[in-house]
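Trainee: I have a structure here, written as structure tokens, and I will follow up with some questions on it.
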Amino acid sequence: MDTLNVKGIRAYGYTGYFDAEQFLGQWFEVDLTIWIDLAKAGQSDDLNDTLNYADAVAIVQKLIRESKFKMIEKLAEAIADAILGTGKTQQVKVALTKCQAPIPDFDGDVTLEILRSR
């Protein structure tokens, strides 16, 4: 199986456990690894025979911007479900980063990775 990697998808969203996160929002970043059979697209040179990665970016950004989940696990699941829902993918890995997580004395970020198949 082939893979399509889309990295560095950023959007401002309102998912978070604390009220301030859902009110003020924060930046999220997503990396996708999409398992897809690219043989037909490689032969046909037709965008309809693959997953348009611009569409994948738009799906992720829309979910980040419009969702107000408490848990990043829920947001990652929604992203995986939407990518698998295109019908063109067999499996997807979603690496969802909460940039600047609100943790005292912590200046890093937190990344959650999930792997889902249909």
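The backbone N, Cα and C atoms fix where each Cβ goes, glycine too.
Swiss-Prot lists these features:
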| type | residues | note |
| --- | --- | --- |
| ACT_SITE | LYS98 | active site, proton donor/acceptor |
| BINDING | GLU21, TYR53, ILE72, GLU73 | substrate binding site |
Trainee: Which ones in the same chain are close to the residue listed as 'active site, proton donor/acceptor', with CB under 8 Å and 6+ residues apart in sequence?
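Mentor: In sequence order, the residues whose Cβ lies under 8 Å from that of the residue listed as 'active site, proton donor/acceptor' (at least 6 apart) are GLY16, GLN26, PHE28, ILE72, ASP109, VAL110, THR111, LEU112.
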Trainee: Might you list, by sequence position, any residue in that chain lying six or more from GLU73 (substrate binding site) with a Cβ less than 8 Å away from its Cβ?
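Mentor: The answer is LEU112, ILE114.
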Trainee: Counting across all protein chains shown, how many other Cβ atoms sit within 10 Å of the Cβ of ILE72 (substrate binding site)?
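Mentor: By my count, 20.
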Trainee: Can you give the largest Cα to Cα distance in Å, as a whole number, for the residues GLU21, TYR53, ILE72, GLU73 that bind substrate in the record?
Mentor: 29
Trainee: Let's check the environment of GLU21 (substrate binding site): how many other CB atoms sit within 10 Å of its CB?
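Mentor: Step by step: centre on the Cβ of GLU21 (substrate binding site), count other Cβ atoms within 10 Å, giving 18.
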Trainee: Write out the long-range same-chain contacts of TYR53 (substrate binding site), meaning residues 6 or more apart in sequence whose Cβ is under 8 Å from its Cβ.
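Mentor: Listed in sequence order: LEU4, VAL6.
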Trainee: If you run the three-state DSSP split on GLU21 (substrate binding site), which class comes out?
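Mentor: Looking at the DSSP assignment, GLU21 (substrate binding site) belongs to a helix.
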